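Presented below is the structure to which this report refers.
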């Protein structure tokens with residue numbers, strides 16, 4: 001029986017472990033975590049076969065290692081991996097949100113017959129910890145795989161086959177492309193959202209109306225500022241070059257719009273907003289792009305026949321109108337697989353009550 005070792009068993013690691021444990025009986029699922037309570041909880045809910053107290057021993061008996069730890073910790077583990085007497089053709093992957101630094105270990109690890117296929121499952125939840133793990137967390141989510149060396153083709157193919165039961169949508173790309181694109185669509189938006197929140201906080205003492213008015217669209221467009229600060233500190237530092245370059249682009253755009261406003265150049269200001277609207281409106285509806293200011297509700301459901309109709313039937317039976325409905329494929333920053341839009345906050349609140357048996361977020 002082959003051994004899969006999870007290093008880090010929070011929401012992401014726990015959900016992957018839960019999925020593999022459910023779908024495979026020919027693997028022994030081991031887990032190591034610096035928080036021993038996570039391991040005990042994982043054993044109690046049956047998503048792992050064995051908890052590991054001795055990391056070194058576990059690494060040397062593993063056939064596959066999945067590092068589901070913050071980026072900085074993963075980098076440390078990878079830098080020390082060649083110190084151990086690992087099995088031949090060991091496959092190693094991770095779940096981090098930045099790839100350049102992690103993938104820099106690929107060539108050196110290959111010399112020791114260790115095959116690094118870096119991974120980024122773009123799924124998540126506002127809840128953390130292994131007790132919130134869900135085996136269906138990755139359904140319809142994009143799962144990015146990154147490797148450069150042709151010698152790792154076989155390992156990448158094996159890993160995709162192993163993870164097929166997650167029902168994720170796999171994309172293979174290069175580390176630099178991954179970090180640049182995620183810098184645009186994820187990392188910089190997190191920074192901008194936090195800047196907007198700081199702007200609000202800096203003035204709320206003298207302008208108490210801010211808190212009342214911010215409960216609407218402002219709260220929606222800055223939702224991602226509530227993400228885990230430790231994780232985003234690591235991501236920001238590990239994607240430093242791309243983030244700094246993109247922030248410089250934003251500075252140039254801010255300077256440009258400042259000048260247009262100062263000059264009262266109404267045609268160019270109009271074009272500024274129209275071009276943004278036109279580009280955003282043509283983005284694929286099912287792909288998570290810009291943040292909606294509608295009264296959206298996210299429902300965490302497995303991708304099974306009849307689930308969407310079950311949800312909509314419950315809502316309609318309570319005389320609540322739905323104005324839009326979409327299945328999300330990229331879910332790293334959106335909590336839930338199904339996004340439902342309502343015409344009022346009251347309708348959304350009533351839907352939450354009607355869907356009390358489901359995990360709902362907004």
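Each Cβ is built from the backbone N, Cα and C atoms, and glycine gets one as well.
The NAD(+) binding site annotation in Swiss-Prot covers 3-33 and is backed by sequence analysis. Classification of residue 3 (NAD(+) binding site) by DSSP places it within a strand.
The feature domain 'Prephenate/arogenate dehydrogenase' is assigned by Swiss-Prot to 2-291.
The domain 'ACT' annotation in Swiss-Prot covers 296-362.
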### Query
Which entry in the list of binding-site residues, 7, 11, 31, has its Cβ near the fewest other Cβ atoms, using 10 Å as the limit?
11
### Query
Going by DSSP, how much of the domain 'ACT' (296-362) is helix, how much is strand and how much is coil, in residues?
21 helix, 18 strand, 28 coil
### Summary
One finds that other Cβ atoms within 10 Å of the Cβ of residue 27 (NAD(+) binding site) number exactly 17
### Query
Taking the domain 'Prephenate/arogenate dehydrogenase' (2-291) alone, what is its mean pLDDT?
92
